[in-house]
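Peer 1: Here it is, the structure in full.
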Amino acid sequence: MAWLQLRVSSAHPEFADEILLANGASAVSMVDAEDDPVLEPAPGETPLWRNTVTLGLFPEDTDLDPVVAALRELLPDGNEATFKTELIEDQDWVRVWLKDCPPLRFGERFWVVPHEKLGEVTDPEATVLKLDPGLAFGTGTHPTTALCLEWLAGQDLRGKTVLDFGCGSGILAIAALLLGAEKAICVDIDPQALLATRDNAEQNGVADRVKTMLPDAFAPFPADIVLANILANPLMQLAPLLASSIRPGGDLVLAGLLDRHAEEIHGAYESWFDFHDDVSKEGWTRISAVCRMPALISFRRYGERIATAGQPQPAHFPVLARAGYAAVINLATEASSNWLRDEAQLCAQQGLPYHHLPVAWTQPTPADFEGFTALLDKLQDQKLFIHCALNMRVSAFMFLHRVLNLGESVEAASQDLHAVWTPDETWQRFIDGMLQRRLSS
């Protein structure tokens, strides 16, 4: 397989690095314009050459025109920067990686080492993660990965459950397991990354403790540690999901953001977390925090447009607004034990339209469901947050909406429904009646 390499000559390589990653680069490196590439500079060794060039590696069929346009628009010297495209073979790329990837130590005795250089680590008590560079991001040499590995190497991870969101090569999850964690859930939008994670887990003898999945298959659970080494914008958007995926008192570690984005990320997460001091390395920041606020109850996402949960608390509404939700729909009634009396006012304070469609818990009706789907149609272009008391009413209505209106299979829609609850007799009778009603019409 061949790859397209985009060579960016700019006085601001740290910005080019971020822009390339945000526009689909499979790997990014900094090189001396006069020397050979070093595809991911080692911690503490980021090149400070007079003429630093940034390289972005893309799949061969990538249209690079939009990438170049983004660079011209976003780089401070975009009009003066130069760009060059080169087709390179996959085998050449891997060879260069192996040549320039030394054993790396984090903390006292944790190492990340390519297989062919295992003999260079002589400490008999060292914990070694064997990792050859591949097509998924994460070898320990980029400052963002190094910051996370340094954090892990300093923790007592025994018995912990770890969520690695945006796992790339799986390096962080595998490191956590080698350092004592009990199990790891690895999530990534790229199937290639999940393959790399499984392969690397196998190479390190921890495959039986790793579970990989795409975001659509992920259901929030109370992890002890949540790691997210991705970019600033996704970190902003994922705030409610990640906050719902960590137990109170659990640790959150965020990386992949430039120093200038740290304040904005703090704002997105401050409703749920108490922060430790940020740590910066070569222009990149690591944020670590402890969860102090209960997560949203049974939080579920349905694609990019709809999220559902149980009753949110007042502190959740500013976070929902910052995450881009455009309206709130509530199916609970005032009789619900966790009813929030001033929810409409809380939404108004954040500029969120509030729609209350009360559904009686003991007597859901076809008219309730029809009103729900009519509102979804009316708001079809908006990002919606839909809730009830415990996400039971909503999950049942979303199941019916997906099957009856979107044409999805019962089996696929049932997975999300049953992840929240198993409907009781009243609700199962209602669901069956709605399905039968549509079949007979």
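Placed from the backbone N, Cα and C atoms, the Cβ positions cover glycine too.
Annotation comment: TrEMBL describes THR145, GLY166, ASP188, ASN229 as S-adenosyl-L-methionine binding site.
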Peer 1: Over all shown protein chains, what is the count of other CB atoms within 10 A of the CB belonging to ASN229 (S-adenosyl-L-methionine binding site)?
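Peer 2: So the number of other Cβ atoms within 10 Å of ASN229 (S-adenosyl-L-methionine binding site) is 27.
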Peer 1: Taking DSSP as the reference, which of helix, strand or coil describes THR145 (S-adenosyl-L-methionine binding site)?
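Peer 2: DSSP assigns THR145 (S-adenosyl-L-methionine binding site) to helix.
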Peer 1: If you measure every Cα to Cα distance among THR145, GLY166, ASP188, ASN229, the residues said to bind S-adenosyl-L-methionine, what is the biggest one in Å?
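Peer 2: Across THR145, GLY166, ASP188, ASN229, the two farthest Cα atoms sit 16 Å apart.
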Peer 1: By the DSSP assignment reduced to helix, strand and coil, which category contains ASN229 (S-adenosyl-L-methionine binding site)?
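Peer 2: It is in a strand.
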